[in-house]
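Some features that Swiss-Prot has for this protein:
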- 1-22: signal peptide (SIGNAL)
- N155: N-linked glycosylation site (CARBOHYD)
Amino acid sequence: MGSPRSALSCLLLHLLVLCLQAQEGPGRGPALGRELASLFRAGREPQGVSQQHVREQSLVTDQLSRRLIRTYQLYSRTSGKHVQVLANKRINAMAEDGDPFAKLIVETDTFGSRVRVRGAETGLYICMNKKGKLIAKSNGKGKDCVFTEIVLENNYTALQNAKYEGWYMAFTRKGRPRKGSKTRQHQREVHFMKRLPRGHHTTEQSLRFEFLNYPPFTRSLRGSQRTWAPEPR
């Protein structure tokens, strides 16, 4: 069923058509009705079109916008340690806090929540092959190297592969990668927490508010106009 607002809009449109038909005569009435109907539909299209555009653009790589780059560690809920990308292209969740191989650079792929993750020390991207195994690649342009960040109700983050929907980045209690085909969003193995590397300070933390001292103001009346004048010191 349509909303009351839509029904009211249609009723008003019909009334307007009838009024114009009465003024313009029988020959002009139907044409006016068609023109008004097209205008009415055009006024309702932009919202749906914009929503469709957002959905379509969130599924493809954004080549126009400036990419947001973040640096942090991924703390594994099951292993109790951090995800690392080693020089031998192995990926596990066995790194201690502050380990240089646990420092990850996360690049946004779209204006949505899709990202590419690479090791800051090795420059290798975390990807997933057709068997659901996590692999490291020097070229992360493929869709298999794109993950969708999903913030869960427990405040943990899950990373779902963009190419293999329903397959997640996951690690066992021993920090070994788990095949994406055996993962589900509710499993602890796919839950991660973002943490800043040890000793890393964000720009926001280094900023301090600066307050400017202005003399106090009092209100005075000059004739019929109100002005502001500083208090005498």
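Just so it is clear, glycine is given a Cβ too, placed from its N, Cα and C backbone atoms.
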Under 8 Å by Cβ from the residue listed as 'N-linked glycosylation site', counting only residues of that chain that are 6 or more apart: M193
Assigned conformation of N155 (N-linked glycosylation site) - DSSP reduced to three states: coil
